[in-house]
Amino acid sequence: MDCHRCNSHCGSGKGTPKSGLFKNWSLGLRNQQQPQIPDELTVADAQIALVGMPNVGKSVLFHALTGIYATVSNYPGTTVEVSRGVMRLGEQTVTVIDTPGMYSLLPISEEEAVSKTLLLTHDFASIIHVVDGKNLGRMLPLTLQLLELDLPLILAINMMDEARRLGLALHPEILSQQLQIPVILMAAGLNQGIQELKQTLQQQIPAPPLPLLV
Amino acid sequence: MNSLVIYPEAIEQAIAQLEQWLQHPHPWQNYRLTPRSLALLLLQKDPQLWDACPPDFPQRLDIEHLILETQEKLSEPLSLAIAQTRQQQAQHLENQALLITDTPRLSFVEHLHRLTVNPLTGFPILLLILYYGVYKFVGEFGAGVLVDGIEGFFEEQINPVVDQITSQLIPWPILQDLIAHDYGIITLGIRYAVAIVLPVVATYFLMFSLLEDSGYLPRLSLMLDRLFKILGLSGRAVIPMVLGLGCDTMATMVTRTLTTQRERLIAAFLLSLAIPCAAQWGVILGLLAQKPAALLVWGGVIFAIFLGIGYLTARLLPGTSGGFYMEIPPLRLPKLRNVLIKTWVRMKWYFWEVLPLFIWASVLIWVGRLTGLFDAIIRLIEPIARALGLPQETAPIFLYGFFRRDYGAAGLFDIQQQGALTGNQLVVAAVVLTLFLPCVAQLQMLVKEQGLKNTIWMVVFIIPFAFFIGYVLHLSLTLLGVNF
């Protein structure tokens with residue numbers, strides 16, 4: 001896998017507008033420190049994370065789930081920071097975290113390390129491992145590593161539209177049975193499979209405790 | 001938990017041993033790791049975990065010893081053995097779940113891919129993209145039609161109104177100057193940002209987003225890899241460089257992801273010196289559009305400096321260039337929605353980035369003019385401008401160029417509109433401004449990515465070098481008797 005080290009970026013991950021004219025008034029010398037891992041991750045909402053190798057469509061899925069736009073491009077390494085957003089899931093709100101792509105749990109670049117640290121230090125109600133349906137064999141080793149961590153995993157096999165065009169068909173039930181986790185076929189860019197994913201999430205995330213009366 | 005992956009005997013034994021040791025208190029208890037995954041990461045010498053292990057951790061030596069012992073029982077490196085086992089299991093799973101319904105023939109997309117990466121066809125394709133995408137769309141449409149339209153609207157509709165209102169509301173001419181007249185916040189700062197810079201940046205980002213989403217850029221990286229090797233860079237640096245043609249600040253931030261420090265330094269340096277940002281080359285394109293020969297000289301000089309200085313830097317800096325690994329995604333038809341949203345997000349980012357700077361520049365110019373400080377600095381620059389064969393009016397432009405070189409370029413545009421510059425003077429001024437540091441924001445990013453020392457070295461080199469090249473160019477044009 002010598003595609004390991006491709007972290008070419010367009011830098012668009014930073015496209016996130018930190019708008020507001022007055023924030024920049026200090027001669028435009030605004031603090032450009034990258035938020036490593038947002039502190040607010042300790043809120044009470046259930047949290048889920050999107051993880052996976054670069055260029056499998058995590059940010060597209062993030063957009064489909066939360067409605068928040070994270071820059072999406074057709075090359076690996078577009079996302080270099082963690083983005084977070086909120087989605088409605090039945091009665092509750094769930095915080096969704098989009099992570100920079102990672103190839104394995106042994107990080108090679110800075111952004112990969114960010115994703116790994118996030119996984120190892122936060123409690124997630126569910127982790128969605130997004131993979132490219134065209135290259136399943138190359139993607140599954142990361143699934144296996146995530147399973148070794150005993151994380152509440154959902155395997156989202158994305159880009160199935162392209163896989164089908166290449167003449168590939170997948171049996172999700174076989175994978176689901178072997179890996180013992182929910183497996184969903186989807187094409188996030190075409191909004192296919194999103195509903196199914198939401199239903200699966202609803203089953204996996206326990207209902208929130210009743211609000212305390214103060 | 002029953003394990004999905006069973007590793008070779010020696011590794012499983014080591015895992016079992018580690019799991020046993022790790023039942024006792026250990027330095028990694030803050031991590032959400034199962035004993036098995038912790039054991040595997042330790043065996044693979046995960047740097048993050050090993051860094052977290054204090055030297056006096058009693059079992060540290062035992063674990064190190066165990067790793068060596070396990071390694072001796074294996075014919076291949078430990079990490080490789082672990083990765084291979086997982087890979088085999090993944091392959092096995094894929095084989096079970098995958099059904100290949102038909103073997104695709106060499107599709108149209110595959111042909112297109114070959115055309116873009118083969119230099120024989122790839123370079124003509126690049127030239128086509130440059131001509132239609134950059135020259136025609138950004139240059140003629142963005143910097144020409146759009147800028148003229150919005151600029152005209154400002155000159156005719158907004159500026160006179162602003163001038164009139166301020167003169168009625170504010171009795172003091174000094175304060176009037178802050179808002180209106182030649183250097184006012186609205187009449188100069190906001191006009192530059194909205195009328196001159198925004199249309200150019202918007203059209204460039206639109207084209208860049210299209211190229212991005214089609215999957216063309218990684219193919220361009222693949223094709224240009226060999227050329228970039230001369231500059232001590234790998235093909236991976238192509239994307240930051242192309243992005244730099246949009247915004248050097250964004251691009252400098254992106255150099256972070258190149259693999260070696262040497263590569264990052266060269267890329268950041270070349271971005272600061274020889275890659276003009278969209279606002280800048282857009283304006284220059286607009287300035288020189290009527291004189292194709294002058295445009296060619298400007299482009300040729302900048303490109304030669306890019307290659308020459310890159311080559312020298314690569315020779316002078318110790319070390320070798322990194323290898324080129326990059327995943328090549330499929331070519332796709334860009335989705336209009338995504339392209340538009342992305343362009344919009346970038347435009348917004350850029351606009352909010354430049355607008356305060358432009359406003360600040362107006363304020364600073366106002367203060368500088370009020371205190372006479374600017375006049376003093378401008379008087380210092382004037383002899384330099386004259387040495388370059390430029391009229392005195394260009395001296396303030398170089399001063400503004402310190403704030404942002406696109407601001408300087410926009411100022412040049414203003415002077416040219418008044419018909420005060422000859423073709424030769426335009427080329428010389430454009431070359432000097434292009435070589436200048438991009439802007440305050442980029443300078444700040446440079447400090448962050450490369451440290452203060454490297455940044456100072458770059459600045460100390462770039463500013464005299466820019467004037468020097470301008471001087472040489474002026475001299476050669478005069479000696480050769482060229483007149484654009």
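Note: Cβ is positioned from N, Cα and C throughout, glycine not excepted.
The domain 'FeoB cytosolic helical' annotation in TrEMBL covers B:7-97.
Residues annotated as domain 'Nucleoside transporter/FeoB GTPase Gate' in TrEMBL: B:196-290 (among others). Per-residue pLDDT, averaged over the domain 'Nucleoside transporter/FeoB GTPase Gate' (B:196-290), rounds to 85.
As annotated by TrEMBL, domain 'Ferrous iron transport protein B C-terminal' applies to B:296-346.
Annotation source TrEMBL lists domain 'Nucleoside transporter/FeoB GTPase Gate' at B:351-452 (among others).
Same-chain neighbours of the transmembrane segment (B:115-134): 204, 207, 210-211, 216, 219-220, 222-223, 331, counting only residues six or more beyond its ends whose CB sits under 8 Å from a CB of the stretch. TrEMBL lists B:115-134 (among others) with the feature transmembrane segment.
Sequence annotations record features per position, and here TrEMBL assigns transmembrane segment to B:183-206 (among others).
If you look at the transmembrane segment (B:227-245), the same-chain residues 6 or more away from its ends with a CB under 8 A from one of its CBs are 204, 208, 211, 217-218, 220-221, 251-252, 254-255, 257-259, 262-263, 266-267, 270-271, 275-278, 281, 307, 310-311, 313-314, 317, 321-326. Taken from TrEMBL, the feature transmembrane segment covers B:227-245 (among others).
Positions annotated as transmembrane segment by TrEMBL: B:265-288 (among others).
The feature transmembrane segment is assigned by TrEMBL to B:295-314 (among others).
Only residues 6 or more beyond the boundaries of the transmembrane segment (B:349-367), in the same chain, are considered here, and those with a CB under 8 A from a CB of the stretch are 177-178, 183-185, 188-190, 192-193, 197-198, 201, 205, 247, 249, 279, 373-374, 400, 403-404, 406-407, 439-441. For B:349-367 (among others), the entry in TrEMBL reads transmembrane segment.
Residues or ranges marked as transmembrane segment by TrEMBL: B:426-444 (among others).
Feature annotation from TrEMBL assigns transmembrane segment to B:456-482 (among others). Residues of the same chain lying 6 or more positions beyond the ends of the transmembrane segment (B:456-482) and with a Cβ under 8 Å from any Cβ of it are 268-269, 272-273, 301, 305, 384, 387-389, 424, 427-429, 431-433, 435-437, 443, 446, 450.
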For the transmembrane segment (B:183-206), give me same-chain residues lying six or more residues beyond its boundaries with a C-beta closer than 8 angstroms to one of its C-beta atoms, as numbers and ranges.
134, 137-138, 141-143, 146-147, 150-151, 153-154, 158-159, 162-163, 166, 176-177, 245-247, 278-279, 282-283, 286, 339-340, 342-343, 346-347, 350-351, 354-355, 358-359, 361-363, 365-366, 369, 406-407, 410-411, 413
What are the DSSP helix, strand and coil residue counts for the domain 'Nucleoside transporter/FeoB GTPase Gate' (B:196-290)?
79 helix, 0 strand, 16 coil
